[in-house]
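Some notes on the structure that comes next.
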Amino acid sequence: MKYFRLFLKKLLRYLLKPLSFLPALVMMYLIFNFSAQSGDVSGQLSGSVTTDLVEFCSQIFDQGWNAQQILHYAGLLEHYVRKAAHVTEYFLLAVTIAFPLYVYRIRGWKLVLSAGIFCMGFAGLDEWHQSFVPGRSPAFRDVLIDTAGSLAGIYATRIVCWIGSRTIFRPLSLENSREKASERSADRHPRRSPDETPSAGRRRQEPPELSGRNFREMSSL
C-alpha cells in the first residue's frame, strides 16, 4: 500500500498535473468554433437539436405528436435550449479550469475568484468575437448567463474535490498534511550546525563559589 501511494503521488505530480489544463484548452476551442458559426448555421443547429429533443420527449412520454406539433413546440423551446447550451458550455469550461487550479492547491475563495474572473472574461471576449460574425450580435445578458454557468461549475468542482479528498485521495491528503507539519516543525526548530552546538567536552567547568565558612574549614585542614 505504501508503494502504491508513492506511485500514485508521482503519477499525479509529474504526468497528470501538467496535462490537467488540456481539457480547458479543448473547451475553449469548442466554444470559439460555435461562436464562429454564422447566424443561419447556428440557428439551424439549435433548431435541429430542439426538434430532436421534442421528438424524443414525445416518444418517451407517449404523446404521439405529429410533425407539425413537434415543430410548434420546438419553436417555443428553441430560445431556452440555446440559453441552456450557453450554461452547459461554461459549466464545463469552469470545471476544466477549476479542477487544475485545485490540483495546484489553489483552494477556497482564491479558486472561486480566479476561475470566475477567467470564465467571465472569456465569456466577454466570446461575445465580442460574435460581433464580427455575420448574423450574430453580442449580448451582455449572455455574459451573465455564461457567468452563472461558470459559478455552478466552480462550486460543483469544489464539492467533488472535497468529497474525493476524504475518500479516494484521503491517503494523499494525509501524507501532504504530514509533510506540511514536518516543514512547519523544521521552520520553528532549525537544526544547529556542529560548530554552533557546544559539546560536553568543550564546556568549561566553573569552580564553585566558596563562602567564608567553607574557606575557613578548608584552611584548617
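Each residue, glycine too, has its Cβ placed from N, Cα and C.
Remember, it's a predicted structure, so these values are computed and weren't measured experimentally.
Here TrEMBL flags 178-195 as compositional bias 'Basic and acidic residues'.
The domain 'VanZ-like' annotation in TrEMBL covers 23-159.
If you look up TrEMBL, you'll see 178-221 marked as region 'Disordered'.
The transmembrane segment feature in TrEMBL is assigned to 12-32 (among others).
Annotation comment: TrEMBL describes 87-104 (among others) as transmembrane segment.
Feature annotation from TrEMBL assigns transmembrane segment to 111-128 (among others).
According to TrEMBL, the transmembrane segment annotation covers 148-169 (among others). When Cβ-Cβ distances below 8 Å are used as the criterion, the transmembrane segment (148-169) is approached by residues 86-95, 97-99, 102, 111-112, 115-116, 119-120, 123 of the same chain, each at least six residues removed from its ends.
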The domain 'VanZ-like' (23-159) [mean pLDDT, rounded to integer]: 92
DSSP residue counts for the domain 'VanZ-like' (23-159), split into helix, strand and coil: 116 helix, 0 strand, 21 coil
